[in-house]
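What Swiss-Prot says about this one:
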- GLU167, ARG211, SER359, ARG363: L-aspartate binding site (BINDING)
- ARG211, ALA212, GLU213, ARG219, HIS220, LEU221, GLU356, GLY404, GLY405, GLU406, ARG407: ATP binding site (BINDING)
- GLU356, SER359: Mg(2+) 2 binding site (BINDING)
- GLU356: Mg(2+) 3 binding site (BINDING)
- 189-192: region 'Aspartate' (REGION)
- PRO82: site 'Important for tRNA non-discrimination' (SITE)
Amino acid sequence: MRNRTYTADAEPGDTVTVAGWVHEVRDLGGIAFLILRDTSGKIQVKFEKDEMDDDLVETGLGVHRESVISVTGEVDEEPRAPTGVEVTPESLDVIAEAEAQLPLDPSGKVDAELSTRLDNRTLDLRKDEVKAIFEIRAEVQRAVRDKFRDLRATEINTPKIVATGTEGGTELFPITYFGQEAFMNQSPQLFKQLMVGSGLERVFEVGPIFRAEEHNTPRHLNEATSIDFESAFIDHTEAMDVCEAVVTAAYEAVEENCQDELEALGLEEEFERRPRVPAAHLRGGHRAHQRTGELDEQLVWGDDLPTEGEKALGEDVGEHYFITDWPSEIKPFYIKDHDDDETLSTGFDMMHPNMELVSGGQREHRFDHLVAGFEQQGLDPDAFEYYTKMFKYGMPPHAGFGLGGERLIMTMLGLENIREAVLFPRDRQRLSP
């Protein structure tokens, strides 16, 4: 529609054509109102029955909610209208009529279960508060990309179909690839490292990852967005500095540019009090264990921290924090050990009080040590020859991390289920839409 005006741009005295969805119709007798909604907001359309063509009034008042219409008319100032202006229609065209009975109420007046919402995601996204989540998600991705570019990182796109898993194990989706066995990539980790060795030195990626894990919880997905960073000539402490800077940039961008969306979610005041920059570094996974209260008796050095332990630590610390110096035996083969203590790795996790957000560390850049790491974890180095051979050609020291995109949005906005942060989530039960 060449001459269409967004509702937010309609000014008193203008003659405009606005188009969008019928949000609400109210018939008050001699006068009636239709609320039209587009991506920029809403506008009131006024029908004065005694002064308007009967067919125009009948069309406007008879159209079903969520039908797509266009309205041409003059914009008048009206302080009592939801946005302070209203349109007196000269014409109204029904572009696409919606059914009278909808599977859920986009106005939000009638609650729906999450499963119903996800089954009808297109309708669900017409709610202001749901749309706001994805406007914020888009702003977060813009902000992290800008921050990485400020740090002189180059954006890359790595393969999502691979011959071997990044970390081995069973969390892989196998596919048939022209008669060969292949998998959906569970992480861009190995390719990030190859790009560091290529001379690009500092790279990042915002892209999908696939994990065939059995967890089916409010914070797990089988397809997720990973925000990845890798850089030459830095160690794990400098990678943590970058991690802090990126998460902080995301929060600051949302606070600065998404006030309308935060208001739609009821977070305009609460958001400012949410934790943002890591305030505590728990040096040594064993010292993290010591702060888990009654659970400490159940934890054994070398074990990963269970969900209950994460929650106990979150309650104790109260804001974002790092756990560092994890036991080497529970970290992947590419994580470098400390030079002065091979039982401790340079791996780190960045935690929100409610869950893990980031996993990272310094990488093993020495070929012999890398191959030994494969063997210690029962992996065949020959299966990763495309990766390991680069370490014979001059690989610089490097470090990096992967940040869960949906988990960042979930914790930032206080969402109860990670699926609310995904347009069309994929989990163990959901493959459609």
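Using the three backbone atoms N, Cα and C, a Cβ is placed for every residue, glycine included.
Annotated features taken from Swiss-Prot, shown on the structure.
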| residue | record | CB count, 10 Å |
| --- | --- | --- |
| PRO82 | site 'Important for tRNA non-discrimination' | 15 |
| ARG211 | L-aspartate binding site | 21 |
| GLU213 | ATP binding site | 15 |
| HIS220 | ATP binding site | 18 |
| GLU356 | ATP binding site | 16 |
| SER359 | L-aspartate binding site | 19 |
| ARG363 | L-aspartate binding site | 28 |
| GLY405 | ATP binding site | 24 |
| ARG407 | ATP binding site | 23 |
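Across the region 'Aspartate' (189-192), DSSP assigns 4 helix, 0 strand, 0 coil. Note on proximity: among PRO82, ARG211, SER359, ARG363, the recorded positions of the record, the Cα nearest ARG407 (ATP binding site) is that of SER359.
Per Cα geometry, HIS220 is the residue among the binding-site residues GLU213, HIS220, GLU356 nearest to PRO82 (site 'Important for tRNA non-discrimination'). In the three-state DSSP reading, PRO82 (site 'Important for tRNA non-discrimination') counts as coil.
Here GLY405 (ATP binding site) is compared against the binding-site residues ARG211, SER359, ARG363, and the shortest C-alpha distance is to SER359. Taking the C-alpha positions, the distance from ARG211 (L-aspartate binding site) to HIS220 (ATP binding site) comes to 10 Å.
For the pair ARG363 (L-aspartate binding site) and GLU356 (ATP binding site), the Cα-Cα distance reads 20 Å. Under DSSP, HIS220 (ATP binding site) is assigned to coil, being neither helix nor strand in the three-state scheme. GLU213 (ATP binding site) sits 17 Å from SER359 (L-aspartate binding site), taking the C-alpha atoms as the reference points.
HIS220 (ATP binding site) sits 15 Å from SER359 (L-aspartate binding site), taking the Cα positions as reference. For the region 'Aspartate' (189-192), the mean pLDDT of the prediction comes to 97. For the recorded site, GLU356 (ATP binding site), the DSSP three-state label reads strand.
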